[in-house]
């Protein structure tokens, strides 16, 4: 196995390139520990949307590579209460008066480990929220998040470990705004979902679930030309088991991108702007948009709590398969 890890500079910023004969990734720790590039080396296809300049990344950091959302998506008015404490997150979606996508996608993470093993190549990064004063004003907890990226054969494994090193419990959710290149004229998309959340004009769930009107096509592989998406789906895994995954089929390149998530990821947001930008974001979330303000069971919303001293790991993976035709 031709495993490799090297330090590089990416658009003027320190980065780590790692991979094998199948896959190559670039991780930029200072840019929210973003896997900014993922290349299938068999076909030389760039899988993720990359910025052309550092400025373009900083303008819209959640629309390149694999941004880490902690917590993911919107919190109405940036406000919620948990165990007697009221939290006020910054309003960074001013037109809808929401907090959007959490604290970590633009912060500098620390590199913990880079290593090669017989199993694959591993890059670990970590961020301690207690060291970020502007985060502590909003989320006054000693939370630590560690990302472990492993490339083994034709798969990138992403493991997110959330740790409570403080003295008080906190609610948490994590997700990824994974931004894949998606030429709509030659690509299809499938998702293991039968239901989606009804959203209001602020893109917040009303609490009502609806059947996906095109679910058969969604299961089999949809043509997304002329389809605009910013929708929140409940994974069908929650009710009937099976796989919990999104798949992109690049028909021209004869490859499939299989994006799997473990049982903690109960929801998927699918976003493609106006459908004409050449990208698609299948976003696995452990909690649904605005989960902290929904009067619904946590078993449905995905709202989880870490008590002092506890930690948990949420696992996902991206596998590239060749479609021989």
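Heads up, the Cβ atoms here are built off N, Cα and C, so glycines get one too.
Remember, predicted model here, so these are calculated numbers, not experimental data.
According to Swiss-Prot, the features are:
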type	residues	note
ACT_SITE	177	active site, proton donor
ACT_SITE	283	active site, proton acceptor
BINDING	73, 74, 230	substrate binding site
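Contacts of the residue listed as 'active site, proton donor' defined by a Cβ separation under 8 A and a same-chain sequence distance of 6+ are given as 62, 63, 66, 67, 69, 72, 101, 105, 271, 281, 283, in order along the sequence. Long-range Cβ neighbours of residue 73 (substrate binding site) (same chain, at least 6 residues apart, Cβ-Cβ under 8 Å): 100, 101, 175, 232, 269, 285, 288, 289, 290. For the recorded positions 230, 283, the greatest number of Cβ atoms within 10 Å around a candidate Cβ is found at 283. Within 8 A of the CB centroid of the substrate site residues 73, 74, 230, the other residues of that chain are 98, 100, 199, 203, 204, 232, 269, 289. Neighbour list (residue 74 (substrate binding site), Cβ cut-off 8 Å, at least 6 residues apart, same chain): 93, 96, 98, 99, 100, 202, 203, 204, 289, 290. In the three-state DSSP reading, residue 283 (active site, proton acceptor) counts as strand.
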